[in-house]
Amino acid sequence: MQQSTLLKPVSCYGIGVHTGKRTQLTIEPAKENTGIIFIRTDISSENNYIEASYYNVSDTLLSTTISNNHKIQVSTIEHLMAALWGCSIDNAVIKIDGPEVPIMDGSSKPFVFMIECAGKKLQNAPKKYLKILKEIKVVNKDCELYCTPSEHITVDLTIDFSSKAIGKQNLNFGVQESFTKNIADARTFGFIKDVEYLKSKGLAQGASFENAIGIDEHDKVLNPSGLRYADEFVRHKLLDLFGDLYTSGISIVSAIKGYKTSHAFNNELLHKIFSDTTSYKFVTSNELS
């Protein structure tokens, strides 16, 4: 299997869920072995590019933010990163004229649509995978995330909220599953009381029922159209996981299991994997059974 990029550039406009500001984002083709690079076109400096890497993650409080050594940053990258992973795009340059990736409808589906419209191009370099060789685990109280050796990518993810609108949900994602069909359109979600507080602090300025699932104090989903899936919440958490893990710069081959995961946990797992060179090896598709 070969690396791939886009056939042609593709653009969109949208608002940032936290900044509330309208930005233009363009995904462009890139050469083999480039990886995923963000460029802030609103900053006229040669230091305006940021590699979408786990070691550049600078904030994980409400979303995943990456920054470079010059404190140039791009936030809320996880839904776009998940779409790039789900569409098997290895190399791309993402140009954006603001500090936050547009939230679109709160899922990865609009970005998947963009990539499908642009088309995919196979490149003259083999696609590589990161194969996990031993168990790697991160734990904090009752939250945990770990990966174990496997010949395929599988995920067993559980979320557990006190809200009756969400409750406890579990999802198993196997090699036969389709991210673009079953996961990509699951939207982000939040509680109205939290959104009101965040807005008072200058955050969530772009949040609305058009780009997020809203839950009130009575555990009721307020979106007029309701949910896209009964388990849309855990599907979106899986989407976030895939997006965050793709900041590894490579597709990970492992059996992954998580309970009450977060952006911080996802990033911590990557740091732990790459801190131990005996825990993984790079392989091509021909080396996978």
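Keep in mind that glycine also has a Cβ here, set from the backbone N, Cα and C atoms.
Among the features that Swiss-Prot reports, active site, proton donor is placed at His263. Annotation for His263 (active site, proton donor): same-chain Cβ neighbours under 8 Å, separated by at least 6 residues, are Thr60, Leu61, Ser63, Thr64, Glu78, Asp240, Asp244.
Summarising the annotation, Swiss-Prot assigns Zn(2+) binding site to His79, His236, Asp240. Just so you know, the Cβ of His79 (Zn(2+) binding site) picks up 31 other Cβ atoms within 10 Å once every protein chain is counted.
Listed in chain order, the residues near the Zn(2+) site other than His79, His236, Asp240 are Glu78, Ala82, Gly106, Ser107, Ser108, Ala186, Arg187, Thr188, Lys237, Leu238, Leu239, Gly243, each with its Cβ within 8 Å of the site Cβ centroid. Same-chain residues at least 6 positions away in sequence with a Cβ under 8 Å from that of His236 (Zn(2+) binding site) are, in sequence order, Ser107, Ala186, Arg187, Thr188, Phe189.
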